[in-house]
Each structure stands twice: as structure tokens, then as C-alpha cells.
Ligand code: SAM
């Protein structure tokens, strides 16, 4: 069952948080002059047309990227991310939103590697076309969780794994933890970033408990809520759980999250937090 299409949600507040964290991790890894692998287990289509039927139907990007991309008080932590967004929007109008693979494509160096997997029959060919001429990239129609076994450890022994499933199936909350365990067994020094939605808080509490039970250390949680937790339908918050975060990430997110919260949620509801699920 693959009914989820990211085109309905591209550029929303959750993408802003996810891609801010993604870009800061990439920029930190680039501080060393050594190549690394960027592995995106659930890649999506790569590029989203914001004037398209899907994005217009939900209008989610209007309360996300549209609120920040042209402000003149952008914090330094957002510069790399927004430079990627602006690359795809040369004029005044916000027409396209780059998903995680295209943000990586913009930020990575010529000697880094990009491995992308996507299963959706419509989104996979779109993604493959985006990378047709990119020699750094390998684009596969394959199960993302499987990649955590087959692609790790990377030859370069440096890597960043983004795990961004749609959580269409309740089992995703357990599968991500199993997948991380598999990856970590093979590659304990990698940086892993897991995106999650808060729909029912209990699901996230259970997932974080399961992560704690793996025995993995250095797990940082970053969360941005636009509304208080609720048992009604719909996502009230989203977060990123980062294993082995680059040392600057915690402070960078502590600095930028209040600004993001203020600009994305002018009504002031919800919360922003950065905390260790498991410290050193
Ligand atoms: N990471 C993308 C971004 O930030 O632009 C968005 C990804 S979207 C949230 C999740 C994607 O995972 C969907 O495009 C869906 O088709 C794909 N997907 C679902 N199950 C998958 C699986 N087992 N392996 C790989 N991709 C999968």
C-alpha cells in the first residue's frame, strides 16, 4: 500500500524543520575534507511544484516555507537550506520546493556519494530523472529499510542516513527502530536522522522508549509543535531524532528553533524543544 504522496505536504512546517536539520548535518560533515555517503531511505519525488494541484489542494507550504524564504532576518543556521530552496526559485515567486534528495544534491561536494531509494511507481521515475546526469548518485527502486543493511557501512566510512517514512502503516513506528538497529550494528559511527510526525503522542513515546532500549547512545530529539498534543485527527508537531549528531547541532537548533517557531506559528501555539533522549 503506497498511497502517500509527499507532493501534498511539500514545504510544510515539518519539511522546514526536517530540511533545516538535514542541511546543518550536511554542512557539518563538509567541514572535513573527506568524502561521505548521503543515504536517503525514503526519498520521495525530489522536486515538488507548489502551484500544482496537490500542493494547492492542501496549501500546507503557505504555513511553512512561504513564511520564511524571503524574510530579511534569516538566522545563519538557515542559510544553507534556503540557498537550496532559492536555487530552484530564481524569481520572486515560490514555484518549486526541493525535497531532501535535491537539497542534498545542492549541498554535497563532487566527491561525496548520494544513494536514494523510493518505492512509489509515480515518484520513483521522477526522482530517477532528476539524477540522470549526476555521477555521484545511485537511485534505486527498493525498500528503504533494506538499505540500512545493504548500503552500510559506506566505503568512505563516513555517512549520513536520512530515514523519512510516511508512517502510513502503524508498523513504521517499530520498523524505523529495527532499521536503525540494523544500520547501527554495521556502522556505529554514522549520523542517523529519523523524521517523525506527532499524530498520537503515545506512538512517539513508545518509539523513543524502543530507541532507548536499543542501548544506542547519543540520541538527540528536536521537535517543533504548531499546536498542543491532541487526540483529534491530524499532525500537531513533527520532530527529528538524530543519532551521533555533529557536535554543533544541539546548539544550532537551540539557537534557531525559537525563531522558526515564532515565524512559522505566529499565533504562538505549540512548542519547540531540543533534548537528549540518550546522552553520551
Ligand atoms: N524524504 C523526502 C523529502 O524530505 O523530500 C520525503 C519522503 S516522503 C515523507 C516518504 C516517501 O517514502 C514516499 O515518497 C513513499 O512513496 C516512500 N516509501 C514508502 N515506503 C517505502 C519503503 N519501504 N522504501 C522506500 N520508500 C518508501
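Positions of Cβ are set from backbone N, Cα and C atoms, glycine also.
In TrEMBL, annotation is done automatically, which means it is predicted and not curated.
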Check TrEMBL: it lists 19, 42, 100, 143, 144, 164 as binding S-adenosyl-L-methionine. Then name which of 60, 63, 118, 182 it lists for that same site.
118
List every residue in the same chain as residue 42 (S-adenosyl-L-methionine binding site), at least 6 positions away in sequence, whose Cβ is under 8 Å from its Cβ.
117, 118, 144, 163, 164, 165, 166
Same-chain residues at least 6 apart in sequence with Cβ under 8 Å of the Cβ of residue 4 (site 'Interaction with substrate rRNA'), in sequence order, are 120, 166, 168
